[in-house]
Amino acid sequence: MLRQNQSHAITMSQEQIACLLANAFFCTFPHRNTTQPGSEYSNFPTINFSSLLSNVSPRTVQKLKAIFYYFNTVTEEATKPKGLVTFERICLSPSEFPNWSKQKENMTNLHVYLNGFIEKEGQGMLQVDFASKMIGGGVLNQGLVQEEIRFIQCPELIVARLFTEKLGDNECLKITGAQVYSNTTGYSDSFQCNSPHTDSTQRDEWKRRYCQIVAIDAIKFDDPRQQYSEKNIKRELLKAYVGFKGDPQIPTDYTPAIATGNWGCGAFKGDPMLKALIQMMAAAVAQRDLAYFTFGNKKQAEDLKRTYKLLKSHKVTVGKLYNLLLDYCKHQHHHHHVKSVSDYISENMGVHSSQL
């Protein structure tokens, strides 16, 4: 089991995963049908498919199509995958936490993409899963946003729910080697599973697909104003950093860029610019470049490019940006008509946004 407060990895064959998921589909895992407080697995996600199968809806139909495409592929002798998948829980100790106000790193490279998808255009990069604390979120229920869609396209990810305890603030889950089994379009109610997918991604020396996903869970804010506090900014920085931090045995020159986007926004009510800056800071300390996908939001793409250009041209360090964000939090709490975080940064660096 990948339990809290322990860095540990589990590697399984794709055949073993298929066997476990077949059991999950037929709801054969005992003691996993309740998540009531005090129950044996209350701190783990559900794994049996009972909640999905008992809730018939258009979303369920599309999810089950993808699941059946997966089972068709893994049970046919000609298409049965013969590789491995690694699930690694990474837990940082307090001695490894950055001292954000004193970090001297400058921003690393940022490439902003108006169009494209993390899982497609981000191939070969570390791909961010905008996760729930309970890995997979609502994949076995009615959830159909970024994390659930990824788990439906790559059902081998679902098996992580069997053995991954709820993520703590200083933890992430990295999955290496997951395979894509279906082609999908849309999001939420517009989601469609269209056809089976033949994954031709090369394999590494462990026979894992060259695909690495990192699950990091953002805070879900009831009131968006809650995010403008030192405590919550530090928490999100730590969560992004634990996800972005590379293997210390691999030189940074050989560490791939990170493919990400509006992590913790949407239903979680995060400020997209604040979340982008937090990810840029974490990537800078981890010494990794960022590919940022705005999913068709042209204004956001332009704002992000402009703000990044300003930070780079002024050689703003992570520590300086952190302190600017804390000043912005104070500004937020003392003014009714608040300016955006990007406007605040540019004005406090002596540059009006119209000059950028």
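Glycine residues also receive a Cβ, built from the backbone N, Cα and C atoms like all the rest.
TrEMBL lists Asp129 (among others) with the feature active site. Take the CB of Asp129 (active site) and look out to 10 A: across all protein chains shown you find 27 other CB atoms. Secondary structure from DSSP puts Asp129 (active site) in a beta strand.
According to TrEMBL, the active site annotation covers Glu147 (among others). Cβ neighbour count for Glu147 (active site) (all protein chains, 10 Å cutoff from its Cβ): 23.
DSSP assigns Glu148 (active site) to a helix. Neighbour count (other Cβ atoms within 10 Å of the Cβ, all protein chains): 24 for Glu148 (active site). Marked as active site by TrEMBL: Glu148 (among others).
The domain 'PARG helical' annotation in TrEMBL covers 1-89.
Averaged across the domain 'PARG catalytic Macro' (98-300), the predicted model reaches a pLDDT of 97. According to TrEMBL, the feature domain 'PARG catalytic Macro' maps to 98-300.
Separation of the C-alpha atoms of Glu147 (active site) and Asp129 (active site): 6 Å, rounded to the nearest whole number.
Cα separation, Glu148 (active site) to Asp129 (active site), rounded: 9 Å.
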